[in-house]
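So that you can see what the record holds, here are the features copied from Swiss-Prot:
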MOD_RES   2  N-acetylthreonine
MOD_RES   2  phosphothreonine
TRANSMEM  41-61  transmembrane segment
BINDING   118  chlorophyll a ChlzD2 binding site
TRANSMEM  125-141  transmembrane segment
BINDING   130, 143  pheophytin a binding site
TRANSMEM  153-166  transmembrane segment
BINDING   198  chlorophyll a PD2 binding site
TRANSMEM  208-228  transmembrane segment
BINDING   215, 269  Fe cation binding site
BINDING   215, 262  plastoquinone binding site
TRANSMEM  279-295  transmembrane segment
(Lines of atoms letter the chains of each structure in order from A and count residues from 1; the text may use other names and numbers.)
(Lines give C-alpha, C1' and ligand atoms only; values in the text may rest on other atoms or scores of the structure.)
Protein backbone atom coordinates (compact mmCIF):
# COMPACT_ATOMS: atom_id res chain seq x y z
CA UNK A 1 0.00 0.00 0.00
CA UNK A 2 1.26 3.45 -0.90
CA UNK A 3 0.65 6.41 1.39
CA UNK A 4 0.99 9.95 0.03
CA UNK A 5 2.50 12.35 2.52
CA UNK A 6 2.32 16.08 2.13
CA UNK A 7 -0.09 18.77 1.03
CA UNK A 8 -2.76 18.21 -1.60
CA UNK A 9 -1.77 19.40 -5.06
CA UNK A 10 -5.29 20.79 -5.64
CA UNK A 11 -5.15 24.57 -5.68
CA UNK A 12 -8.04 26.70 -4.41
CA UNK A 13 -10.22 27.91 -7.26
CA UNK A 14 -10.53 31.58 -8.11
CA UNK A 15 -13.80 33.36 -8.80
CA UNK A 16 -13.57 32.83 -12.56
CA UNK A 17 -12.84 29.11 -12.21
CA UNK A 18 -15.70 28.69 -9.75
CA UNK A 19 -18.12 30.47 -12.09
CA UNK A 20 -16.86 28.47 -15.07
CA UNK A 21 -17.33 25.23 -13.17
CA UNK A 22 -20.88 26.13 -12.13
CA UNK A 23 -21.99 27.57 -15.49
CA UNK A 24 -20.67 24.69 -17.59
CA UNK A 25 -21.71 21.91 -15.23
CA UNK A 26 -23.63 19.00 -16.78
CA UNK A 27 -27.30 19.55 -15.91
CA UNK A 28 -30.74 19.08 -17.48
CA UNK A 29 -30.72 22.60 -18.95
CA UNK A 30 -27.21 23.72 -19.85
CA UNK A 31 -26.47 27.31 -18.79
CA UNK A 32 -22.94 28.14 -19.89
CA UNK A 33 -21.38 31.55 -20.34
CA UNK A 34 -23.70 32.16 -23.28
CA UNK A 35 -26.65 31.68 -20.95
CA UNK A 36 -25.70 34.87 -19.11
CA UNK A 37 -26.66 36.69 -22.32
CA UNK A 38 -29.35 34.37 -23.69
CA UNK A 39 -31.66 33.75 -20.75
CA UNK A 40 -32.11 37.32 -19.43
CA UNK A 41 -32.47 38.80 -22.94
CA UNK A 42 -34.90 36.13 -24.12
CA UNK A 43 -36.93 36.51 -20.92
CA UNK A 44 -37.16 40.30 -21.22
CA UNK A 45 -37.88 40.22 -24.97
CA UNK A 46 -40.70 37.69 -24.63
CA UNK A 47 -42.04 39.35 -21.49
CA UNK A 48 -42.02 42.78 -23.12
CA UNK A 49 -43.83 41.43 -26.18
CA UNK A 50 -46.50 39.69 -24.09
CA UNK A 51 -46.96 42.82 -21.97
CA UNK A 52 -47.25 45.08 -25.01
CA UNK A 53 -49.66 42.91 -26.97
CA UNK A 54 -51.84 42.44 -23.89
CA UNK A 55 -52.07 45.94 -22.43
CA UNK A 56 -50.36 48.67 -24.47
CA UNK A 57 -52.12 50.81 -27.08
CA UNK A 58 -50.59 52.23 -30.26
CA UNK A 59 -52.92 55.20 -30.26
CA UNK A 60 -50.20 57.70 -29.40
CA UNK A 61 -47.70 56.42 -31.98
CA UNK A 62 -49.80 55.14 -34.90
CA UNK A 63 -53.40 56.03 -34.08
CA UNK A 64 -54.22 52.32 -33.83
CA UNK A 65 -55.56 49.76 -31.39
CA UNK A 66 -52.95 47.03 -30.96
CA UNK A 67 -53.63 45.13 -27.72
CA UNK A 68 -55.91 42.37 -26.49
CA UNK A 69 -57.30 44.87 -24.00
CA UNK A 70 -58.59 46.97 -26.92
CA UNK A 71 -60.17 44.04 -28.77
CA UNK A 72 -57.34 42.74 -30.96
CA UNK A 73 -56.66 39.04 -31.41
CA UNK A 74 -53.42 37.10 -31.79
CA UNK A 75 -53.10 38.02 -35.48
CA UNK A 76 -53.82 41.74 -35.08
CA UNK A 77 -52.14 42.57 -31.74
CA UNK A 78 -48.65 44.08 -31.91
CA UNK A 79 -45.96 45.97 -30.05
CA UNK A 80 -45.77 48.99 -32.33
CA UNK A 81 -42.80 51.15 -33.22
CA UNK A 82 -42.17 54.52 -31.55
CA UNK A 83 -43.56 57.72 -33.03
CA UNK A 84 -41.74 59.23 -36.02
CA UNK A 85 -40.94 62.35 -34.01
CA UNK A 86 -38.73 60.30 -31.68
CA UNK A 87 -36.34 59.49 -34.54
CA UNK A 88 -33.61 57.08 -33.39
CA UNK A 89 -33.90 57.67 -29.65
CA UNK A 90 -33.03 54.61 -27.55
CA UNK A 91 -36.16 55.41 -25.51
CA UNK A 92 -34.65 54.43 -22.20
CA UNK A 93 -37.15 54.37 -19.35
CA UNK A 94 -35.00 56.89 -17.47
CA UNK A 95 -34.31 58.96 -20.59
CA UNK A 96 -35.50 62.49 -21.38
CA UNK A 97 -38.63 61.27 -23.20
CA UNK A 98 -40.23 59.07 -20.53
CA UNK A 99 -38.40 60.52 -17.49
CA UNK A 100 -38.97 57.38 -15.45
CA UNK A 101 -42.73 57.27 -16.07
CA UNK A 102 -43.54 53.68 -17.10
CA UNK A 103 -46.97 54.53 -18.52
CA UNK A 104 -45.57 57.34 -20.64
CA UNK A 105 -42.72 55.07 -21.74
CA UNK A 106 -45.20 52.49 -23.02
CA UNK A 107 -47.29 55.15 -24.76
CA UNK A 108 -44.24 56.49 -26.61
CA UNK A 109 -43.27 53.05 -27.92
CA UNK A 110 -40.53 52.25 -25.44
CA UNK A 111 -41.55 48.60 -25.34
CA UNK A 112 -40.70 48.23 -29.05
CA UNK A 113 -37.11 49.37 -28.49
CA UNK A 114 -36.94 47.17 -25.38
CA UNK A 115 -38.12 44.07 -27.28
CA UNK A 116 -36.00 44.79 -30.38
CA UNK A 117 -32.68 45.19 -28.58
CA UNK A 118 -33.22 42.37 -26.10
CA UNK A 119 -34.45 40.16 -28.94
CA UNK A 120 -31.34 40.85 -31.01
CA UNK A 121 -28.99 40.05 -28.13
CA UNK A 122 -31.11 37.01 -27.23
CA UNK A 123 -30.62 35.62 -30.74
CA UNK A 124 -26.90 36.28 -30.54
CA UNK A 125 -26.85 34.52 -27.16
CA UNK A 126 -28.59 31.50 -28.69
CA UNK A 127 -25.98 31.35 -31.44
CA UNK A 128 -23.19 31.54 -28.85
CA UNK A 129 -24.95 28.78 -26.89
CA UNK A 130 -24.75 26.48 -29.91
CA UNK A 131 -21.08 27.35 -30.36
CA UNK A 132 -20.30 26.76 -26.68
CA UNK A 133 -22.04 23.39 -26.49
CA UNK A 134 -20.50 22.28 -29.79
CA UNK A 135 -17.06 23.14 -28.42
CA UNK A 136 -17.79 21.24 -25.20
CA UNK A 137 -18.87 18.02 -26.93
CA UNK A 138 -16.31 18.20 -29.75
CA UNK A 139 -18.54 19.17 -32.68
CA UNK A 140 -17.80 21.58 -35.49
CA UNK A 141 -19.56 24.97 -35.11
CA UNK A 142 -21.73 24.72 -38.25
CA UNK A 143 -24.99 25.00 -36.26
CA UNK A 144 -23.87 28.34 -34.86
CA UNK A 145 -22.72 29.46 -38.31
CA UNK A 146 -26.09 28.50 -39.81
CA UNK A 147 -27.92 30.51 -37.14
CA UNK A 148 -26.15 33.67 -38.28
CA UNK A 149 -28.72 33.70 -41.13
CA UNK A 150 -31.78 34.43 -38.93
CA UNK A 151 -29.70 36.87 -36.87
CA UNK A 152 -28.66 38.78 -40.00
CA UNK A 153 -32.27 39.01 -41.18
CA UNK A 154 -33.55 40.19 -37.77
CA UNK A 155 -30.84 42.80 -37.31
CA UNK A 156 -31.12 44.13 -40.87
CA UNK A 157 -34.92 44.39 -40.86
CA UNK A 158 -35.59 45.58 -37.31
CA UNK A 159 -32.48 47.66 -36.63
CA UNK A 160 -30.40 48.58 -39.69
CA UNK A 161 -33.32 49.46 -41.99
CA UNK A 162 -34.91 52.00 -39.61
CA UNK A 163 -31.43 53.37 -38.81
CA UNK A 164 -31.10 54.22 -42.50
CA UNK A 165 -34.53 55.84 -42.52
CA UNK A 166 -35.75 58.75 -40.42
CA UNK A 167 -36.50 56.75 -37.28
CA UNK A 168 -37.59 53.52 -35.58
CA UNK A 169 -41.10 54.41 -36.79
CA UNK A 170 -40.35 52.77 -40.15
CA UNK A 171 -39.27 49.41 -38.68
CA UNK A 172 -41.81 46.57 -38.49
CA UNK A 173 -43.97 46.41 -35.39
CA UNK A 174 -43.88 43.09 -33.54
CA UNK A 175 -47.11 41.44 -34.66
CA UNK A 176 -48.44 39.22 -37.44
CA UNK A 177 -50.66 41.75 -39.27
CA UNK A 178 -48.05 44.44 -38.58
CA UNK A 179 -45.38 42.40 -40.35
CA UNK A 180 -47.73 41.87 -43.31
CA UNK A 181 -48.27 45.62 -43.53
CA UNK A 182 -44.51 46.17 -43.43
CA UNK A 183 -44.12 43.78 -46.37
CA UNK A 184 -46.67 45.81 -48.36
CA UNK A 185 -44.75 48.95 -47.40
CA UNK A 186 -41.50 47.40 -48.65
CA UNK A 187 -43.15 46.57 -51.96
CA UNK A 188 -44.75 49.97 -52.48
CA UNK A 189 -41.79 52.12 -51.48
CA UNK A 190 -38.87 49.90 -52.56
CA UNK A 191 -40.30 47.52 -55.20
CA UNK A 192 -38.83 44.76 -53.03
CA UNK A 193 -40.08 41.80 -55.08
CA UNK A 194 -38.02 42.96 -58.06
CA UNK A 195 -34.87 43.30 -55.97
CA UNK A 196 -32.25 40.68 -56.92
CA UNK A 197 -31.33 40.11 -53.27
CA UNK A 198 -34.97 39.30 -52.50
CA UNK A 199 -34.97 36.89 -55.44
CA UNK A 200 -31.89 35.14 -54.05
CA UNK A 201 -33.51 34.98 -50.63
CA UNK A 202 -36.67 33.39 -52.02
CA UNK A 203 -34.59 30.91 -54.02
CA UNK A 204 -32.63 30.03 -50.87
CA UNK A 205 -35.62 29.55 -48.56
CA UNK A 206 -37.85 27.70 -51.04
CA UNK A 207 -34.88 25.74 -52.36
CA UNK A 208 -34.06 24.70 -48.81
CA UNK A 209 -37.66 23.55 -48.29
CA UNK A 210 -37.41 21.45 -51.46
CA UNK A 211 -34.06 19.97 -50.38
CA UNK A 212 -35.47 19.20 -46.93
CA UNK A 213 -38.49 17.41 -48.41
CA UNK A 214 -36.35 15.44 -50.87
CA UNK A 215 -33.81 14.48 -48.21
CA UNK A 216 -36.44 13.45 -45.66
CA UNK A 217 -38.32 11.35 -48.20
CA UNK A 218 -35.14 9.68 -49.45
CA UNK A 219 -33.92 8.72 -45.99
CA UNK A 220 -37.40 7.53 -45.01
CA UNK A 221 -37.49 5.40 -48.15
CA UNK A 222 -34.16 3.72 -47.49
CA UNK A 223 -33.78 3.56 -43.72
CA UNK A 224 -35.79 0.32 -43.26
CA UNK A 225 -36.63 -2.61 -45.45
CA UNK A 226 -40.31 -3.11 -46.20
CA UNK A 227 -42.01 -5.89 -44.32
CA UNK A 228 -45.02 -7.98 -45.31
CA UNK A 229 -47.60 -6.07 -43.28
CA UNK A 230 -50.43 -4.36 -45.14
CA UNK A 231 -49.94 -1.13 -43.21
CA UNK A 232 -49.48 2.09 -45.17
CA UNK A 233 -47.31 3.51 -42.41
CA UNK A 234 -45.24 0.38 -41.81
CA UNK A 235 -42.10 2.48 -42.23
CA UNK A 236 -42.90 4.02 -38.85
CA UNK A 237 -43.37 0.62 -37.19
CA UNK A 238 -40.21 -1.26 -38.17
CA UNK A 239 -39.64 -4.86 -37.21
CA UNK A 240 -35.89 -4.71 -37.88
CA UNK A 241 -33.45 -4.43 -35.02
CA UNK A 242 -31.06 -2.25 -37.03
CA UNK A 243 -31.36 0.39 -39.74
CA UNK A 244 -30.50 -0.51 -43.32
CA UNK A 245 -29.95 3.00 -44.71
CA UNK A 246 -28.00 2.90 -47.94
CA UNK A 247 -26.37 5.96 -49.51
CA UNK A 248 -25.62 3.81 -52.56
CA UNK A 249 -29.30 3.01 -53.08
CA UNK A 250 -30.29 6.66 -52.66
CA UNK A 251 -27.55 7.73 -55.07
CA UNK A 252 -28.74 5.23 -57.66
CA UNK A 253 -32.34 6.44 -57.30
CA UNK A 254 -31.55 10.13 -57.85
CA UNK A 255 -29.07 9.35 -60.61
CA UNK A 256 -31.95 7.75 -62.48
CA UNK A 257 -34.31 10.67 -61.70
CA UNK A 258 -32.07 13.65 -62.52
CA UNK A 259 -29.05 12.06 -64.16
CA UNK A 260 -26.87 13.41 -61.33
CA UNK A 261 -26.73 12.83 -57.57
CA UNK A 262 -24.60 13.79 -54.57
CA UNK A 263 -21.49 11.65 -54.36
CA UNK A 264 -21.20 11.63 -50.57
CA UNK A 265 -23.09 12.58 -47.43
CA UNK A 266 -20.80 15.45 -46.48
CA UNK A 267 -21.31 17.33 -49.76
CA UNK A 268 -25.05 16.64 -49.61
CA UNK A 269 -25.47 18.07 -46.13
CA UNK A 270 -23.15 21.00 -46.75
CA UNK A 271 -25.34 21.93 -49.71
CA UNK A 272 -28.43 21.73 -47.49
CA UNK A 273 -26.65 24.09 -45.07
CA UNK A 274 -25.37 26.43 -47.76
CA UNK A 275 -28.62 27.05 -49.66
CA UNK A 276 -30.86 28.46 -46.87
CA UNK A 277 -28.10 30.30 -45.00
CA UNK A 278 -26.90 32.01 -48.18
CA UNK A 279 -30.49 32.91 -49.06
CA UNK A 280 -31.06 34.52 -45.66
CA UNK A 281 -27.79 36.44 -45.86
CA UNK A 282 -28.63 37.70 -49.36
CA UNK A 283 -32.00 38.95 -48.09
CA UNK A 284 -30.28 40.69 -45.19
CA UNK A 285 -27.81 42.38 -47.55
CA UNK A 286 -30.72 43.51 -49.71
CA UNK A 287 -32.49 45.07 -46.72
CA UNK A 288 -29.31 46.95 -45.81
CA UNK A 289 -29.39 48.30 -49.37
CA UNK A 290 -32.99 49.42 -48.86
CA UNK A 291 -31.94 51.20 -45.68
CA UNK A 292 -29.74 53.31 -47.97
CA UNK A 293 -32.63 53.67 -50.45
CA UNK A 294 -30.85 51.71 -53.18
CA UNK A 295 -33.25 50.89 -55.97
CA UNK A 296 -34.25 47.56 -57.48
CA UNK A 297 -34.34 46.87 -61.21
CA UNK A 298 -35.86 49.73 -63.23
CA UNK A 299 -37.00 48.97 -66.77
CA UNK A 300 -37.30 52.59 -67.83
CA UNK A 301 -37.84 51.84 -71.52
CA UNK A 302 -41.03 49.95 -70.69
CA UNK A 303 -42.25 52.78 -68.45
CA UNK A 304 -41.62 55.38 -71.16
CA UNK A 305 -43.39 53.33 -73.81
CA UNK A 306 -46.33 52.66 -71.47
CA UNK A 307 -46.64 56.39 -70.79
CA UNK A 308 -46.67 57.15 -74.54
CA UNK A 309 -48.85 54.24 -75.69
CA UNK A 310 -52.05 53.56 -73.68
CA UNK A 311 -52.35 50.13 -75.32
CA UNK A 312 -48.89 48.98 -74.24
CA UNK A 313 -48.69 47.38 -70.83
CA UNK A 314 -46.52 44.72 -69.20
CA UNK A 315 -46.71 43.00 -65.85
CA UNK A 316 -43.84 45.28 -64.82
CA UNK A 317 -45.68 48.52 -65.68
CA UNK A 318 -48.82 47.27 -63.94
CA UNK A 319 -46.78 46.55 -60.82
CA UNK A 320 -45.23 50.03 -60.95
CA UNK A 321 -48.73 51.54 -60.98
CA UNK A 322 -49.69 49.30 -58.09
CA UNK A 323 -46.64 50.51 -56.15
CA UNK A 324 -47.66 54.11 -56.80
CA UNK A 325 -51.09 53.34 -55.39
CA UNK A 326 -49.58 51.74 -52.30
CA UNK A 327 -47.38 54.79 -51.73
CA UNK A 328 -50.18 57.30 -52.25
CA UNK A 329 -52.47 55.49 -49.84
CA UNK A 330 -50.00 54.27 -47.20
CA UNK A 331 -48.06 57.53 -46.89
CA UNK A 332 -51.16 59.49 -45.89
CA UNK A 333 -52.50 56.66 -43.70
CA UNK A 334 -49.29 55.76 -41.89
CA UNK A 335 -47.92 59.27 -41.45
CA UNK A 336 -50.90 61.45 -40.48
CA UNK A 337 -48.52 63.85 -38.72
CA UNK A 338 -47.15 64.84 -42.15
CA UNK A 339 -50.60 66.08 -43.26
CA UNK A 340 -50.05 64.62 -46.72
CA UNK A 341 -52.78 65.59 -49.20
CA UNK A 342 -52.48 64.34 -52.77
CA UNK A 343 -54.44 66.09 -55.54
CA UNK A 344 -56.52 63.69 -57.60
CA UNK A 345 -54.48 64.21 -60.76
CA UNK A 346 -51.37 62.65 -59.21
CA UNK A 347 -53.10 59.55 -57.89
CA UNK A 348 -52.36 56.46 -60.01
CA UNK A 349 -54.77 55.33 -62.68
CA UNK A 350 -54.64 52.55 -65.26
CA UNK A 351 -52.94 53.36 -68.57
CA UNK A 352 -56.21 53.02 -70.46
CA UNK A 353 -57.92 55.81 -68.48
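Note: Cβ is positioned from N, Cα and C throughout, glycine not excepted.
If you take the Cα of residue 215 (Fe cation binding site) and the Cα of residue 118 (chlorophyll a ChlzD2 binding site), they are about 36 angstrom apart, rounded to a whole number.
When the binding-site residues 130, 143 are compared by the number of other CB atoms within 10 angstroms of each CB, 143 has the fewest.
Nonlocal intrachain contacts for the transmembrane segment (279-295), taken as residues 6+ away from its ends with a CB within less than 8 angstroms of a stretch CB, comprise 148-150, 152-153, 155-157, 160-165, 186, 190-192, 195-198, 200-205, 207-208. Listed as Cβ neighbours of the transmembrane segment (125-141) (distance under 8 Å, sequence separation of 6 or more from its ends, same chain) are residues 24, 30, 32-35, 37-39, 41-42, 147-148, 151. With a cut-off of 8 Å between Cβ atoms, the residues of this chain six or more beyond the transmembrane segment (153-166) that come close are 81, 84, 87-88, 116, 119-120, 123, 172, 280, 283-285, 287-288, 290-293. Counting every protein chain shown, the Cβ of the residue listed as 'chlorophyll a ChlzD2 binding site' has 21 other Cβ atoms within 10 Å.
Residues within less than 8 Å, Cβ to Cβ, of residue 198 (chlorophyll a PD2 binding site) and separated from it by at least 6 positions along the same chain comprise 192, 283, 286, 296. When the binding-site residues 118, 130, 143, 262 are ranked by how far their Cα is from the Cα of residue 269 (Fe cation binding site), 262 comes first. Sequence-distant neighbours of residue 262 (plastoquinone binding site) (same chain, six or more apart, CB under 8 Å from its CB) are 251, 254, 268, 271, listed in sequence order. Distance noted between the C-alpha atoms of residue 130 (pheophytin a binding site) and residue 118 (chlorophyll a ChlzD2 binding site) is 18 Å.
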